[in-house]
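Engineer: Before we start, here is the structure in question, set down as structure tokens.
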Amino acid sequence: MSALRHVVCALSGGVDSAVAALLLRRRGYQVTGVFMKNWDSLDEQGVCAADKDCEDAYKVCQILDIPFHQVSYVKEYWNDVFSDFLNEYEKGRTPNPDINCNKHIKFSCFYHYAVDNLGADAVATGHYARTSLEDEEVFEQKHTKKPDGLFRNRFEVRNPVKLLQAADSFKDQTFFLSQVSQDALRRTIFPLGELTKDFVKKIAAENSLHHVLQKRESMGICFIGKRNLEHFLLQYLQPRPGKFVSIEDNTVLGTHKGWFLYTLGQRAKISGLREPWYVVEKDGTKGDVLVAPRVDHPALYRDLLRTNRVHWIAEEPPAALVRDKMMECHFRFRHQMALVPCVLTLNQDGTVWVTAVKAVRGLALGQFAVFYKGEECLGSGKILRLGPSAYTLQKGKNRTRVAPEASSDSPGLHPTS
């Protein structure tokens, strides 16, 4: 029966998606490879090498003897991913286009193309991730009717599919999948979920996929390529000159081309200064970038943030969080960073306060806080508000010691607000 199952696999021209397609073929499925063109390389002198990637994906299909299709989502990528990327930077935030690409392009545009145009029973990608469904359960989703209307039949049981971390914890990519819809996840297979990167390379070497094995792994944002992020952004955004200001004594240390070019935690390259300074705050009104002199300066550390309305993989918040309004779990805001123990506080509007057990370095507006409970990725929310830094709190304590009559009920950030 499995020989009749049709799986459409996204091919990037890299080793991971190539081996994913190979493994699906080995399982006896009817496999179709699809290459997505998401960026117009003609505008960027081929920075992303999209044409070469497409050729490599086509060659994979030839080696595996499977059909090849190419689709263009350049317009959709520009509207749903790149425009948001620029808008977020212009607001002084630090966006993650990879998360939005998976949400809007790979698991929406590509997913619907595979199912509606190619008649796929399931889709597959080369991501290092797992779900709570076995392959055969994924295929059964094709015949599971989605609830109609605003209210679900209370007798209908439709258990949500869980997004689980990959066996290779270092390569795990659930961070980038934390905004994927439940409907798309139900029909998705991740063939590499139980494998290590080294084993994937070994499979490629043993199956004549040398042309993708020899390619360097793509890192960073595709449409930027090897270029400097600041130079790239200034091609699209107007410069807004401002000052670098010391957070400790308000000394002006230098000038910059735009406060939106800097992310909290990064090193600020200030002309004429030999010692390193780091971005700790940004003042969009004045255009100033506040900096501190040490990589471990307390102004870099915070333990409180608030997100926008959280996208839960299961479509609804965990039952414990709904019941108690608070829940212990873990989160991260950068791929591959260590998971941070935290407490979530659920607000009525679906946003959450995140209180880290220990202050973390480099939290920035616009980043995604991705939540985990054990091996399960619960979902994510965009960071829209930050609590005070450890440096600000310390200054407040010092002022209180000097002026004990000062009120301790001054307004500020609090998880209940």
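Backbone N, Cα and C define each Cβ position, glycine as well.
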Engineer: Can you find which of G28, G92, G119, G126 Swiss-Prot lists as binding ATP at the same site as A10, L11, S12, G13, G14, V15, D16, S17, M36?
Structural biologist: G126
Engineer: Compare the C-alpha of R267 (site 'Interaction with tRNA') with the C-alpha of each of the recorded positions S12, M36, C101, and give the closest one.
Structural biologist: C101
Engineer: Looking only at C-alpha atoms, tell me how far A10 (ATP binding site) is from C101 (active site, nucleophile), rounded to the nearest Å.
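Structural biologist: Between the alpha carbons of A10 (ATP binding site) and C101 (active site, nucleophile) there are 13 Å.
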Engineer: Select the closest residue to S12 (ATP binding site) from the following recorded positions, measuring between CA atoms: C101, H127, Q367.
Structural biologist: H127
Engineer: Of the recorded positions C101, H127, Q367, which one has its Cα closest to the Cα of G14 (ATP binding site)?
Structural biologist: H127
Engineer: So which recorded positions are near H127 (site 'Interaction with tRNA'), with CA atoms within 10 Å, out of D16, M36, C101?
Structural biologist: D16
Engineer: So for C101 (active site, nucleophile), how many other CB atoms are inside 10 Å of its CB?
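Structural biologist: That number is 23.
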